[in-house]
Amino acid sequence: MCSFFLCQTGKQAKISMGEENQTFVSKFIFLGLSHDLQTQILLFILFLIIYLLTVLGNLLIIILIFLDSRLHTPMYFFLRNLSFADLCFSASIVPQVLVHFLVKRKTISLYGCMTQIIVFLLVGCTECALLAVMSYDRYVAVCKPLYYSTIMTQRVCLWLSFGSWASGALVSLVDTSFTFHLPYWGQNIINHYFCEPPALLKLASTDTYSTEMAIFSMGVVILLAPVSLILGSYWNIISTVIQMQSGEGRLKAFSTCGSHLIVVVLFYGSGIFTYMRPNSKTTKELDKMISVFYTVVTPMLNPIIYSLRNKDVKGALRKLVGRKCFSHRQ
């Protein structure tokens, strides 16, 4: 597929009149988040801490769910998928950014850029779908508790998980294909800190309208459609919770759903801001800050939000720590 893109763009470069002196781009240069050396060192330390917390937090969630039988439920099955997606999401971007903080020339090859976009979109879009699936799981648990075990069977959970990853793969394939089908001649400086389609399209040597519409359409599928499902689910959840007689049951429902809703607002809010608007008049620096929020900060916040607001996860953690302490004493 990659060679097909390169052949197509190579043909266009030869045929185009007046472009003979321009060379086909084989690598890109990032402007990054800052040109100031001291600022880059501070950002390196900050991003390194965030990345370590992201890896440790999400690995801890995955391990706890695997070890504690009380967490072998549909909700935590999807949470484990979400934590794995967060790990891949962060790993596809942050290590490269850390290296670029320490070097003068921040470069990436064409194939490296393509790979980064494929992985970034795959896990990012999968996370969008997983958050929608998790809202449906909460809807069934709160609104149809008597039918929960018959609706959310192991087979249904596996298919929902597979569908989430498949939708991420589809959107990634479409967006990457349209982005790299365009010719890139001469200009290779990306005013960003990683390869992201909206930033890359600004370097294209031809009209990008059809590509922008394709990316926008995929955004409707993977952003607006899940958001609609989430809003519908939570409308029904809130209506059901308000009618509950038990104050304890009402509190438990809001606590369980509240952590999920916080993650949804943080992730979807920044994602929609980036991908669901036309050519923006906002500054490039603002665009980069928004990207930092959903590519670097949100993957770190997910395990913190779910662990701090979830009694089951905190109980599993205490049980694991207690087991380790007991084994050391012996």
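Backbone N, Cα and C atoms are what each Cβ position is placed from, and that goes for glycine too.
So that you can see what the record holds, here are the features copied from TrEMBL:
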TRANSMEM  41-67  transmembrane segment
DOMAIN    57-306  domain 'G-protein coupled receptors family 1 profile'
TRANSMEM  79-102  transmembrane segment
TRANSMEM  108-136  transmembrane segment
TRANSMEM  156-174  transmembrane segment
TRANSMEM  213-237  transmembrane segment
TRANSMEM  258-277  transmembrane segment
TRANSMEM  289-308  transmembrane segment
(request) Give me the mean pLDDT over the domain 'G-protein coupled receptors family 1 profile' (57-306), rounded to a whole number. (result) 87
(message) Can you work out which residues elsewhere in the same chain, 6+ from the ends of the transmembrane segment (258-277), have a Cβ less than 8 Å from its Cβ atoms?
(response) 124, 127-128, 131, 134-135, 138, 196, 198, 215-216, 219-220, 223-224, 226-227, 230, 234, 287, 290-291, 293-294, 298, 301-302, 305-306, 309-310
